[in-house]
Amino acid sequence: MSIRDLDWSEWLDRTSGEGTKWLLWGLDNMIWPIVVVTFAIFAVLMPQVFTSASNIQFMLYSSAGLGALVLAESLCLLSGNFDLSIGSIAGFSSMVTALFLNTWFPGTPGLVGVVLILFIGGAIGLVNGVSIGYFGINPFLQTLAFFIIFRGAVFLLSTITVAPLPESYLFVGGALIGDLPGLGGADSLWIFGGIPIAVPLIIALYAGVWFVMNYRRIGLAIMAVGGDENAAEEAGIPRERVLLIVFTASGVLSGLAGLLYTGYLSAAPPGLAEGDLFPAFAGAVIGGISLDGGRGDIKNAFGGMFLLTMIQVGLVQVGVGGDAIQFINGLVLLVAIYLYTTESKIRRRLLST
């Protein structure tokens, strides 16, 4: 009897051992075939433009800020929580730091601004972590409140774009690798000198977090709390401390997103990262980060982020309008949720056989 003669349930019942392991691996990493197929579609539509090294570089560069937010949301989801305030934290920390450097204390070194924006993001994340982890505040209510508060606070501080800002502050989000001291400018290092610093930075950040989540105690503790917090507490894992670390890290990453966006734009507009909450959430979910917590792979979240950026850039280059792109982004998120639901059912079936 062949697979064709079996219905889906019978086939799963007969799948065991190595076959089950490979199927689970395929479910975990299905984002990458989707990325390849999507890239191939746009490559066929625009062979001279979409596949160029400069376009791929642009997609990575323009997605660096979103990449930091996807990473922040992924950590929260893996812990069994979520953070609705990441976009507002990015915008607020960017605006406060820009005003600090441009208006309140002009002449302050840009490096001080880099430290300040990360500190502001981390401090807000710390408050989220204390409220949720130690005081038991519902994460939806806590982060929704901060989403509203800090989005409104941005416009209370300024309704106009703040610029100019010190070059040393914009360096992380706007400079090229060749601009680093002693490297000789954008024409140095063959093609690598012209790559924005934000590109290897965000890739290295994902690689570092992936390593921590897979090989360090805190990463395993986050997965344990997200998978079953009662079992984690029985095993001696301090849930409150884990959530404090997760939300503080989410805040720092949101501040980093604000820094990257500001460098990319060379200014701090009041609407910075305003619409990035749901793309960040979508990137994590599309990348296979479980909505139930405790399951997911950071490298696949990177794939989800890159897929969203690729669709966005590809649609713009094809000539699709902004409203239509928003509609398509919503469809992508809906499809991702359906795929996640189907994948979860298949996974449960496989693990029960």
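Just so it is clear, glycine is given a Cβ too, placed from its N, Cα and C backbone atoms.
Nobody curates TrEMBL annotations by hand; they come from automatic prediction.
Sequence annotations record features per position, and here TrEMBL assigns transmembrane segment to 30-50, 56-77, 84-105, 111-137, 144-165, 189-213, 242-265, 277-294, 301-318, 324-341.
Touching of the transmembrane segment (111-137) and the transmembrane segment (30-50) is ruled out by the presence of fewer than three CB pairs under 8 A, sequence neighbours closer than 6 excluded. Using a cut-off of 8 Å between Cβ atoms, the transmembrane segment (324-341) and the transmembrane segment (189-213) share fewer than three residue pairs, counting only pairs 6 or more apart in sequence. Residues 83, 86-87, 90, 139, 173, 194-196, 198-199, 201-203, 205-206, 209, 222, 226, 246-247, 249-251, 253-254, 256-258, 260-261, 264, 273, 276-277, 279-281, 283-285, 287, 289-291, 293, 296, 298, 301-302, 304-306, 308-310, 313 of the same chain lie 6 or more positions beyond the ends of the transmembrane segment (56-77) yet place their CB under 8 Å from a CB of it.
Counting C-beta pairs under 8 angstroms (sequence separation of 6 or more), the transmembrane segment (277-294) fails to reach the transmembrane segment (189-213), with fewer than 3 such pairs.
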